[in-house]
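**Student:** Per TrEMBL, the features are:
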- B:38-151: domain 'PurM-like N-terminal' (DOMAIN)
- B:D40, B:D85, B:D241: Mg(2+) 3 binding site (BINDING)
- B:D40, B:T54, B:D85: Mg(2+) 4 binding site (BINDING)
- B:T55, B:D56, B:D135: Mg(2+) 1 binding site (BINDING)
- B:D56, B:D85: Mg(2+) 2 binding site (BINDING)
- B:D63, B:E280, B:W323: substrate binding site (BINDING)
- B:G134, B:D135, B:R160, B:S243: ATP binding site (BINDING)
- B:D244: Mg(2+) 5 binding site (BINDING)
There are 2 protein chains.
Amino acid sequence: MTDAEPSRETTVGELSEGQILRGILDRLPPSSAPVGPGDDAAVLSVPDGRVVATTDTLVHGPDFRLAWSSPFDLGFKAAAVNLADVAAMGARPIALLVALAMPDATPVSFVRGFADGLAAACAELAPGCAVEGGDLTVSDTLTIAVTALGSLDGRAPVRRSGARVGDGVYVIGELGEAARGLDVLFERFTDADGSPVALTAEARDALDAADAKALSRQLTPRPPLAEALRAAASGATAMMDVSDGLALDATRLADASGVTIALDSATLGDDPARALGGGEDHGFLVAFAPDAEPLGRRIGTVVARGAEALTVDGRAWTGRVGWDPYRDWDAGRG
Amino acid sequence: MTDAEPSRETTVGELSEGQILRGILDRLPPSSAPVGPGDDAAVLSVPDGRVVATTDTLVHGPDFRLAWSSPFDLGFKAAAVNLADVAAMGARPIALLVALAMPDATPVSFVRGFADGLAAACAELAPGCAVEGGDLTVSDTLTIAVTALGSLDGRAPVRRSGARVGDGVYVIGELGEAARGLDVLFERFTDADGSPVALTAEARDALDAADAKALSRQLTPRPPLAEALRAAASGATAMMDVSDGLALDATRLADASGVTIALDSATLGDDPARALGGGEDHGFLVAFAPDAEPLGRRIGTVVARGAEALTVDGRAWTGRVGWDPYRDWDAGRG
C-alpha cells in the first residue's frame, strides 16, 4: 500500500458466507449442545420435554442507527432483548439463533464486534446460553433477527394471564431510563435535519452521569434475568418483559388476565410519565399473590376488571402509551 | 368514495402492530402448544427432551422480487425452506416463529396472502406444525426471518458427518428445477435494464409445461419432507437439505464426514451442470449404508477421502458450484 491508496477495510461483500461465518463462530463460546452450529439445524437438550421460544428483530432505522450503536452494542442488545423474553416466561435461556442480513459494503470488523457483543450478553446475562445456529444473507437494510430458546427446568411457565385480584404488582429493573437515553440521542446527537450524528467516545465522556447511564440502558440493556428466574421460582402469578413501555405492557398483562392493574404514580420515580410511556426498559412486570415473597419494587395492585385495563392513581392513563413501530417510526426523522 | 378518489388499499403503516398481528393469526390454524402466540414466548412440547432448531431469512432483492412472488408464494417458500432444514435432521417440524419486517407502505392484503402461504405450507408439508410466535417490525427492506423447530421423537439426529466409505449416495427430490425457474424469470420477466417485470397469471399460463413446473419449484418449493423422515427412520447415515446446489452441498457433506463423494453424471438427468450448480432445490442428499433399504435415486458412492471432496465421473468438478449470497447477488442486476 502506498500513501496514495487510503487503507480500506475488507467488506463482507468480498468474502464468502463460509468465511464470514467462521469469523463469527471463532469469537463465540464453544457449543455444548448435542448438535451445534454447522449442520442443517441445531439439536438442543430441554430435559423436561418443553422448549420456550421467542423471536425479535432489530432493523436499521426504526430500531437502531449505526451512528449511535457500535457493532458490539448491537450484538449485545439483540441478544439481551431476546433473552429477556425467555426469562419472562420463567425459563433459563439455552440457545440463540442469529440471522444477520447485511449490506455488501459492511466492514468485516462489524461482524467481529457484533459477535463479541452476542458473546458478552450471553456470558453476563445468561451463562451457559450459546449461539447454536444462524443465517447470513445480504440486504440493503442491516437486519438482525434473533431467536432465543429456553428450558423451564420442570417449572410451570409464568404467563401474562395468571394475575389474580389482590395480587401485588411489582417491577424488577428500571423504568424510563432507556427512553431517556433515546431522548439524549435525538436531542443531542442529530443534526439540523434530524439525521443522526456520530456518538463518539469523547461525546459520551462529556455526558453527565445520569445521561450516560440512560444512554447505556438504551444502547446495551441489561435485563435482570437472574431476578426474573427467582421471581418465577418464588411463585409469581404473571410476568412479562417490559419492552414497549409500562403503560402498554401493563395493559396487555391486565387484558390477558381479565383484571385491572391499578398503579400508584408515587412509586414510579421522578418522572412517572416517562416511566409509563417509555419503551425498551427490558425489566420485568410481575404479579405476586399476597402471601408470596415478592421481588422487585411494588408499583400497584391487581383489582377487579373495571372500565379500564390500567389505572394510574385511580384514573385512566391518558399519556403516551409506549412504542409501536408502525405508528411511531418516522423515516424522515433520521 | 367518489369516482374522483381512486380506491387505495389500507397499508400496514396505518395499523397498529396488534391489528396487523390479528390479521395474521386469524388466518393460521389454531395452536396446540402448551403456550401459543401472544405471550413473551411460546412453550412447545418436545417429549424426548431434545429440540431441533434452524433459521433462514428471505430478503427482498437477493432472495425474492415482489414482481415475481405473490404474498402467498413468499409465505409458502419461507415456511418450506425452514421445514426442509428440520426434516434434514430427521426431525418432525412442530413450530414456526415468523419475524416479518415490512415497509410502512405494504398493503394489508400482502400480510393476509403471506399468512395464507405459511398456513398452506404447514398443512401440505408438515401437518401439525403451526406458527407459534413471531415479530412484526417496520423496515425499508421487506425481510422474512423464519425459525423452525422440530422433534426427533426419540430418534438420533441424522447429521452431515455420518457418511461412511461404501455408503450409497442418494437424492430425494428434484435437482436443477428451481434454478431453471430462476433462469426463466431472469430471461423472460426482466426489462432491458434487467429490472423485474410483473409475472402475470396470463404470462404464467403462456409458459410451456416444463418451464411452468420449473417456475413453480422456484417460487413455491415443495421439499419432500415425508420421504426425508422415512429416510431417517430407514437408517440414513447422513442427510442434508440441498439448498445451495448439489455440488456445493455434496462437498459440505463430504467435508463434514471426512470422505469423498463420487457422483455419476449419468444419474443427474438431462442437464447435469444445472443439477450440480443450481440452488434452491430443497431436496435431500442422503447417504445409506450398503445393507440399508434406501429411498430416492442413487447418484453416487461414498469413497475414501482423496484430493477432492467431490468428484463427478472420477474428476474434480470445475463447473458452477452453487449460490452464495455474498458472492452471487448483484443489486444492479435487478
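Positions of Cβ are set from backbone N, Cα and C atoms, glycine also.
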**Student:** Given the binding-site residues B:D40, B:D85, B:R160, B:D241, B:S243, which one's Cα is the least distant from that of B:D56 (Mg(2+) 1 binding site)?
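**Tutor:** When the Cα distances are compared, B:D85 comes out closest.
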**Student:** If you count other Cβ atoms within 10 Å of each one's Cβ, which of the binding-site residues B:T54, B:T55, B:S243 has the most?
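**Tutor:** For the binding-site residues B:T54, B:T55, B:S243, the Cβ with the most other Cβ atoms within 10 Å is B:T54.
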**Student:** Quick test of understanding: given the binding-site residues B:R160, B:D244, B:E280, name the ones whose C-beta is under 8 angstroms from chain A.
**Tutor:** B:R160
**Student:** I need the CA-to-CA distance for B:S243 (ATP binding site) versus B:T54 (Mg(2+) 4 binding site), whole Å please.
**Tutor:** 14
**Student:** Out of the binding-site residues listed (B:T55, B:G134, B:E280), which are within 10 Å of B:D244 (Mg(2+) 5 binding site), Cα to Cα?
**Tutor:** B:E280
**Student:** Counting distance between Cα atoms, which of the binding-site residues B:D40, B:D63, B:R160, B:D241 is nearest B:D135 (Mg(2+) 1 binding site)?
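**Tutor:** That would be B:D40, nearest by Cα distance.
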**Student:** Give me the largest Cα to Cα distance among B:G134, B:D135, B:R160, B:S243, the residues the record lists as binding ATP, in Å as a whole number.
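**Tutor:** With B:G134, B:D135, B:R160, B:S243 as the binding residues for ATP, the largest Cα distance is 31 Å.
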**Student:** Looking only at the domain 'PurM-like N-terminal' (B:38-151), what are its DSSP counts of helix, strand and coil residues?
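**Tutor:** Here the numbers are 35 helix, 47 strand, 32 coil.
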**Student:** Give me the non-local Cβ neighbours of B:R160 (ATP binding site): same chain, 6+ apart in sequence, Cβ-Cβ under 8 Å, ordered along the sequence.
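**Tutor:** Non-local contacts for B:R160 (ATP binding site): B:A238, B:M239, B:M240, B:R252, B:L253, B:A256, B:S257.
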**Student:** Taking the Cα atoms as reference points, how far is B:T54 (Mg(2+) 4 binding site) from B:D63 (substrate binding site) in Å?
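**Tutor:** B:T54 (Mg(2+) 4 binding site) to B:D63 (substrate binding site), Cα-Cα distance: 18 Å.
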**Student:** Going by Cα-Cα distance, pick out whichever of the binding-site residues B:T55, B:D63, B:G134, B:E280 is nearest to B:D85 (Mg(2+) 3 binding site).
**Tutor:** B:T55
**Student:** Rounded to a whole number, how many Å is the Cα of B:E280 (substrate binding site) away from the Cα of B:D241 (Mg(2+) 3 binding site)?
**Tutor:** 9
**Student:** B:G134 (ATP binding site): which of the binding-site residues B:D40, B:T55, B:D63, B:D241 is the nearest Cα neighbour?
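**Tutor:** Nearest listed residue in space: B:D40.
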